[in-house]
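Following this message is one structure expressed as structure tokens.
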Amino acid sequence: MTATKDISLIRAVKSGDIQQVYALLSAGASVNASNADGTTALMFAAQRGYTEIARLLIVNGADVNRPRKLYSLTPLMLAAAANQLDIVQTLLAHGADVNAINEDGSTALMIAALKGYTNIVRVLLNAGAKTDIRDQDDDTALKLAVQQQHFNVVQALLASRTLDVNLQDEQGETILMQAIDIGATEVVEALLHAGADANLQNIEGGSPLAAAAAGGYSAIASALLDAGAEINAKDQDGETPLHLAVVEGHTEVVQLLLSCGADVEAKNRLGDTPLMVAVLHGHSPIISALLQARISDKNLLNTTNLGETPLTLAATQGHADTVQLLLNYGADPNLPADDGKTALMKAADRNHIEVIECLLKSGAQVNLQDKYHATALMWAAHRGFTDAVEILLKAGADVTLKNTAGYTALMLAEFNGYKNVVRSLKKACAEE
């Protein structure tokens, strides 16, 4: 009989029938009656926002802190999740534990922060909700609000002045870094205003500015620089924010960093400068920006880095637009890399026809020889690149030159069985 009354009580609460609830309680129904998953009558009232029913249940002895079997959720958590402000206030007024945690370590504050319920967050904070509790995923209320970009909730949490904005997780990541990763500009600015450290690095040496640069967030990068971010800070790989912006092709961020004094000659652990990284990826607008920043320094163009000049690297990669850009800025078309190969030789060795034509038009000498006395023609012939051979022959390539092993371009082609190349070279020999 009592079980029937308990079931009827839950049904009456769910339907919002306060008269029936009163009658059933008077008839002996258990005020803490629950269904199979442990959801009590008070929990149903909390979820649905039935404030008067909740008060009636509490007055009659309902346990305001009893957790549900499923996920260990309390009435306060359920009310917070449903954005039931009056219920939250009622529960708190009657002794609900504001810092109770559920099965995964979350509190009512975390739930409200995740949902973006600013008014609930404020009420919970005023009731003494702790901001430093972490759940099983190492999330705090602030972190959850940042991840969801609930700006008003972030502001409310920061205004409480009860949290450490520079708290780091196991990877050394701060809330600021996490806000940067998702491009939440307003949140970043709020965190900086609240005292977030613009130079705190994670365990890999990554800085907030590096994260902004890699993400292409120029407005965030600007805010960080205004907050005193170190512009040339390096991570464990020696990468500066400029390196990272260059790698990802973020021209606007590159221009911002350059205007603020970023070091264009900084090298990462591999020895690469931002210019060489830009050349490797063929980011012509960024190359132009880097060269504009050092327009008077021709050494930037005509010195080797890890054995390559910017031009020889661009030629190797086949970036014709980049090759032309470097030539326009004064790169020497005949300056060899440390292996003795010129840009023309490297382009010929990889059949980059457009690059070959660009270099020849810009004064590349067709008969220069590398340290093995190989010419661009020999490299093209050795690979069997007929079109490249034809272009080089028309440009005056000398078919009689020999490498240090005594081979001519024709011999190399014959040895490798490249019939079309052999035909072209024999024709050129006959015309000699």
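Including glycine, each Cβ sits where the backbone N, Cα and C put it.
What you are looking at is a predicted structure, and each value in this text was computed from that prediction instead of being measured.
Heads up, here are the entries from TrEMBL:
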type: REPEAT; residues: 37-69; note: repeat 'ANK'
type: REPEAT; residues: 71-103; note: repeat 'ANK'
type: REPEAT; residues: 104-136; note: repeat 'ANK'
type: REPEAT; residues: 171-203; note: repeat 'ANK'
type: REPEAT; residues: 204-236; note: repeat 'ANK'
type: REPEAT; residues: 237-269; note: repeat 'ANK'
type: REPEAT; residues: 306-338; note: repeat 'ANK'
type: REPEAT; residues: 339-371; note: repeat 'ANK'
type: REPEAT; residues: 372-404; note: repeat 'ANK'
Could you pull the average pLDDT for the repeat 'ANK' (204-236)?
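Residues in the repeat 'ANK' (204-236) carry a mean pLDDT of 98 in this prediction.
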Work out, from DSSP, the number of helix, strand and coil residues along the repeat 'ANK' (306-338).
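With helix first, then strand, then coil, the repeat 'ANK' (306-338) has 17 helix, 1 strand, 15 coil.
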At a C-beta cut-off of under 8 Å, are there same-chain residues at least 6 beyond the repeat 'ANK' (237-269) that contact it? List them, or none.
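Tertiary neighbours of the repeat 'ANK' (237-269) are 205, 207, 209-210, 212-218, 221-222, 225, 231, 275, 277-278, 281, 283, 285-286, 289-290, 293-294, 300, 305.
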Do you know the DSSP helix, strand and coil residue counts for the repeat 'ANK' (104-136)?
17 helix, 0 strand, 16 coil
